[in-house]
Amino acid sequence: MGQEEQSSVGVGEEEEETREVVEKEEVETWNQRKQTLILEISSKLVHGDLEAKIEAARDIRNLVRKSSSSSSSLSSKTRSKLGAAGVISPLVLMLCSPNPDARQVSLLALLNLAVRNERNKVKIVTAGAVPPLVELLKFQNGSLRDLATAAILTLSAAALNKPIIADSGAAPLLVEILSSGSVQGKVDAVTALHNLSTCQENSTDILDATAVPPLINLLKECKKYSKFAEKTSALLEILSNSEEGRIAISNSDGGILTLVETVEDGSLMSTEHAVGALLSMCQSCRDKYRELILNEGAVPGLLRLTVDGTAEARERARTLLDLLRDSPQQKQLASSVLERIVYDIATRVDGADKAAETAKRLLQDMVKRSMEHSMSRIQQRAASCTPSNTQST
């Protein structure tokens, strides 16, 4: 390497070191400034008048946003420092203010503090935020109600908060939003209800049958493989465990058909929940629901699910198919024997290591051929009933 090249490398290294020093100093300066801002915000919220409190709440949003633009770790630290500085309790008190601006800015500030911060979520609920948030869910003001829904969603993600929110009376109001809320409000309400439905400590049912029609409509309209569909179908599966829920599903316009379409087009989790709901209905009263499910063309999707679904979905699909057959008790043995025969053949062909994959492929081919054969028979039957083929009397 020549002297000129060595000199160039040395200058480059010095510039890099200088830049790192400058960046480090800037970070330290910002951290000091940020700590001063946090103390000022806390002081305004605790001791200031209403105007000062509103300004401080806005400053929290700006501070978190500025930290987020630098890095996610910085924003997380900023949220934690703000929570430790005592800003949460005065913000919660502002939720009860008669001033709409105060309610809105405090809601936004609390949301910014709660996102991706478990400790702040718990602090906010412990400070008494849930009752005023439930009151805001009753508002006709769409903006405030949407923000309150988003807050309930965010806070319900923390396990410690779920029992408190579940017992607060929020669920029926969230169900109302499924029908009358904005698009974002409906999405947040479904996710919040899904969070609450996973609360094992809750002694009362989160949902009742009134949730079925809006949930069916939402599932009908959304992409069946989306995360939203997974949560919606999970709620419908829960509702299918009660007689009122099953009746509501079967009475809803396109209720059973929507579940069948989810079995056909959904993600792994959506299909598992949808087949679970259909199975629950058929198991509760086979005579009542068997024909309703068959009439919506459920069999092809269930056959595919026996080879393509999760382990739980495959088992549910097999059980439901047995119930949908004319004589389920007699056919159940034949189904399991068939699977065992196919697996034995696959083991002999490709060995034990690849037997599961080969058996799956063979079963898929059998399902495809079975569906093609069924379709051919349907077409032949339809053709035989056309006027041109019918003998005149």
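Glycine too: its Cβ is placed from the backbone N, Cα and C atoms.
Quantities reported herein were computed from a predicted structural model and do not represent experimental measurements.
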From 250-273, 370-393, the residue range that TrEMBL assigns the feature region 'Disordered': 370-393
1-27, 55-81 - the one TrEMBL records as region 'Disordered': 1-27
DSSP-derived helix, strand and coil totals, residue by residue, for the repeat 'ARM' (169-211): 29 helix, 0 strand, 14 coil
For the repeat 'ARM' (210-254), sequence-distant contacts whose Cβ falls under 8 Å of one of its Cβ atoms, 6 or more beyond its ends: 172, 175, 178-179, 186-187, 190-191, 193-194, 197, 261-262, 264-267, 269-270, 273-274, 276-278, 280-281, 284, 289, 292
Summary of DSSP states over the repeat 'ARM' (86-128), given as helix, strand and coil counts: 31 helix, 0 strand, 12 coil
Mean of pLDDT values spanning the repeat 'ARM' (128-170): 93
